[in-house]
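Visitor: The following feature annotations were taken from TrEMBL:
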| type | residues | note |
| --- | --- | --- |
| TRANSMEM | A:7-26 | transmembrane segment |
| TRANSMEM | A:126-149 | transmembrane segment |
| TRANSMEM | A:169-189 | transmembrane segment |
| TRANSMEM | A:210-235 | transmembrane segment |
| TRANSMEM | A:247-265 | transmembrane segment |
| TRANSMEM | A:277-295 | transmembrane segment |
| TRANSMEM | A:340-362 | transmembrane segment |
| TRANSMEM | A:374-399 | transmembrane segment |
Amino acid sequence: MDRRSLTVIIATVVLRLVLFTAFPSLPNLLTNRVELSTPVTSFKRLQEGLFLYTHGLSPYDGGVFHQAPLLLAFFTTLPSNPIVVYLVYILSDVLSAYSLIQIAASGVSVSTPYHTSSRKSSTWPPWAVAAAFLFNPFSIATCIARPTIVFTNTVILTAIAKGVQGRGVAAVLALAMASYLSLYPVLLLPPMVLLAHDSLPAVKKKGRSLGSFAAVLTAVFTVAAAVLGALSWGITGGSWEFLASTYGVHLLLPDLTPNVGLWWYFFIEMFDSFREFFLCVFQLHLAVYLAGLCLRLRKQPLFVITTLLGISSIFKSYPSIGDTALYLSLLSLYRHIFPLMRYTFFVTSTLLYATLLGPAFYHLWIYAGSGNANFFYAITLVWSLAVTVLVSDAIFAVLRDEWETERPEMKGKEIVQI
Amino acid sequence: MRLLSWPSITQLLLAPLAVASASDYNDYSENLLLKSLPGNSILASFRFVSNGTFDSHHSVFPRSLAQILQQSQTKELHLKFTLGRWDAEQWGRQVWDGRTAGGTGVELWAWVEAADDSEADARWTTLNNALSGLFCASLNFIDSTRTIRPVMSFQPAGHHSPERLERLHLLHGTLPREPVCTENLTPFLKLLPCKGKAGISSLLDGHRLFDAQWQSMSIDVKPVCEESGKCQLQMEQTVDMVLDVERSLGKKDSPVPKPPPIEQLSCDQEKPYAGGDSCFPLSGVTDLPWSLSEMFGRPVRGSCPLAVVPTEEATHVCVNIAEKRSIFVSQGSEERKRSPELRCFTLHENLDFDIVLPELSPSTNLLLTPPPVYASRSLTGHGQERGGIQAVLNNPSSNSTVEFVYLESLPWFMKPYLHTLSATISGKDDGNIIQDIYYRPALDRKRGTQLEVRLRVPPGETVLLNYEFDKAVLRYTEYPPDANRGFDIAPAIISILDSSSQKSTFSIRTTSLLLSLPTPDFSMPYNVIILTSTVMALAFGSIFNILVRRFVGADEVIGGSLVSKIRGHVMAFVAKKRRAGGDKPKTE
């Protein structure tokens, strides 16, 4: 880590500490925001789960706590001092930034064994990527609000950092942890295998076909997930109750608390007889992008991971701003394709619009009573639309960049898609 | 001869029946207590007790209820219909130690005999559905989300053998929103042997009962065993109500309540007035005159012939009023004075009975006994996202500590955070207030929250019990038709514990609460489905559009590739058709 990265990290640690300590009511204020805390990540619910767990009640035999049992075990070992909790969250963000620095330093975003971008020189240095993550207001707000999505994000970034170093087993272990914490990262397994395989040093790659490599890593992933499940079984006193109360909630959406995603209002308004059908459709919709992206963007598995994270930050059952912050920080690795994007102004202004009006409309609905649920719903639609446009525009730019590498003479010319 | 034989034959025929009945008549008793309360209010407390067995054919115990209890294996039943709030600050302690009063709406708890929980649940459902039909109440809506199994608050009141006690399951359900009305009173009266036609039950009229400031109807069934081991079922039916004398008397002149004209108001002359049209009304200056027939619309229609013959101990009507106040009763009744403030009367079987109390000025009130605890509960916070509950529990006693169980049964869509539960005395918690907690968290759409807290309040102190909760958003089909009215939260039940036996000796209910939840827009399910689907289709379409097509320079495509391509395909197709048509051999 160079001196600039270190400066960035120290600056953000200080910034977060100041925010935590100088505004004592800020953490609880942000914890109560629906944009930052969802029923499956909320810190307040984690506290309730911890309280029940330490008093010998099963937190999974109730409708409040839906988070992984290992989090309970982890937080019970911590001293109850709030400063320690703040430091844990700050440390988690620092680890995320460290992983981002490793990913950026590896240069996988601009050159892979199959593709080297012609715009290689315009990419951001590692410290800038770390800064783009650490100084992003969405990341800061997420860190202060203390949802457990922070840990999921850290583990995902660690997995990617191991992946770009070609350490497949470590990457997949981290990914198993991320999936254990919040289920949807399981979708990242195929591109992660591709990424790890591509990043293997040429010596090791010899005689190792992608098929056998993938089989080994999938086995490792399954075993790791099973071990984590068994550990949780032990932590919760030999009961499988936690499965239905954590992953069941991700899949079946019993809690319809508003969030920035599209699911909650849809399933409030859904007719009872079609509920199961649309739950299946919505879950399948998330998985449907996987194959297409892996095939078409085979040359850049890191970008497949980035895009899948972007898509799941819109379409997963309980998304929050923290998911979008992760996508944006990974997108900052692709600084070189920004000039090829067509709707940057539209996306930026729409995201700003939704960020500013979202809390206002939520207030009008819940507190002022002068608006109804449609106000906030409309904002979540705008937000989702903006992120959607950003995701598809980034795919377009990356594909164009690939195409221009093949045909350098077409740089800067008008193109059509056929 | 002929004239004489008829009565003798009738007597002969009726003699065995009379003998059989005489023993059964002893199984039913009824009495009415009238007590004057401050502020020109009267508490009227009716009590009917009948004993019987399941298999007796000529018992006063109602057969309809006995069959339900037998079918559902219910060994002890408590059913309460209540309206209004008992104002403990003004009226003091409740009658019968609060045993007969329920929370607002309908409250039901029963000990059901069953081998395990699921069997108990099935029998509980049977019981609820049957009682629902019997009492014309929505008791069938007491499902798993409204049922709790209290641990510390209730103890069986009847006699149960130890081996049976082990198989008994206590289930408790509430319907705080149920409007108690005449249709519940009619089946209630039908359970009485005299069916409201004679005896003190003839006073019970829906128009008067449901006009009361507070009223509670209750049915308690329990087994009662003698020393010899002979057991009977005892059913105690009570109707308690607090009547406002002024309002009841006003009904005589104008059935529609309206404010009295200003000339008839007695104004507080000590206050300064800006004009002649303003008035601080004085109330409680005089004790207004009233009579039974004015208060209830009719006198008592004789005594119920099936009731037990009154004795010195058991009389029909007792009046508890200040010693100074005079009382006149109609002919045929017998007065039995117990104490200067309690006068009791027995009724004549065939004569109407009425009581008249003249006006008394200045007003004299009975000395009120305070309840063991003053309790009130309210919602805190604002907005429809989250809130809190605060219960204020005051021990009025100057020398004794009171210990009680505070029981909350909350619906699943109210999600309390137990880690925020705090009990403080003037802002401080010495760690000695909360003795014990039993908590069963809610499961979405399956069961509600059950919270039992055992508290100890030192003499003269006030405890604030606080906790926070989140409000869930429901599916739009789960909201009632008037969703913005809010949802009723069942009253908290406070059971005062006896310090030595740890058994409940007194019970108090708080009022019910109205919780407003965030509501979606009920008019637009189609719009939401369409708009959300559009965003998803847009994402799917735009991403796959980019993924499946390849790039070509704009100048490499000549003449708009798509149009020319389509034209080419169409031309080729037409040409092929033509060729095929031309080649076809013509067969006739």
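Note: Cβ is positioned from N, Cα and C throughout, glycine not excepted.
Bear in mind that TrEMBL entries carry predicted annotations, made automatically and left uncurated.
Any idea what these are sitting next to in the structure?
Guide: Beyond the transmembrane segment (A:126-149), the same-chain residues lying 6 or more positions past its ends with a Cβ under 8 Å from any Cβ of the stretch are 2, 4-5, 7-9, 11-12, 15-16, 19-20, 26-27, 30-31, 33, 36-38, 41-43, 46, 67-68, 71, 85, 89-90, 92-93, 96-98, 100-105, 181-182, 320-325, 328-329, 332-333, 335.
Panel annotation: around the transmembrane segment (A:210-235), residues 68-70, 72-73, 168-169, 172-173, 175-177, 179-180, 189-190, 192-194, 196-197, 242-243 of the same chain, lying at least six beyond its termini, place a Cβ under 8 Å from a Cβ of the stretch.
Long-range Cβ contacts of the transmembrane segment (A:247-265) within its own chain (Cβ-Cβ under 8 Å, at least 6 residues beyond either end) map to 34-35, 38-40, 63, 66, 182-184, 279, 282-283, 314-321, 324, 358, 362, 373, 376-377, 380-381, 383-384.
The list of residues near the transmembrane segment (A:277-295) in space but at least 6 beyond its ends in sequence, with Cβ under 8 angstroms from a Cβ of it, reads 184, 187, 190-191, 194, 251-253, 263, 266-267, 270, 301, 304, 307-308, 311-312, 315-317, 395.
Listed as Cβ neighbours of the transmembrane segment (A:340-362) (distance under 8 Å, sequence separation of 6 or more from its ends, same chain) are residues 33-35, 258, 260, 371, 375-376, 378-380, 382-383, 385-387, 389-390, 393-394, 396-397, 400-401.
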Visitor: Same chain, outside the transmembrane segment (A:374-399) by at least 6, Cβ under 8 Å from its Cβ: which residues?
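Guide: For the transmembrane segment (A:374-399), the nonlocal Cβ contacts are 258-262, 265, 293, 296-297, 300, 303, 306-307, 310-311, 313-314, 324, 327, 331, 334, 337-338, 340-344, 346-347, 350-351, 353-355, 357-358, 361-362, 364-365.
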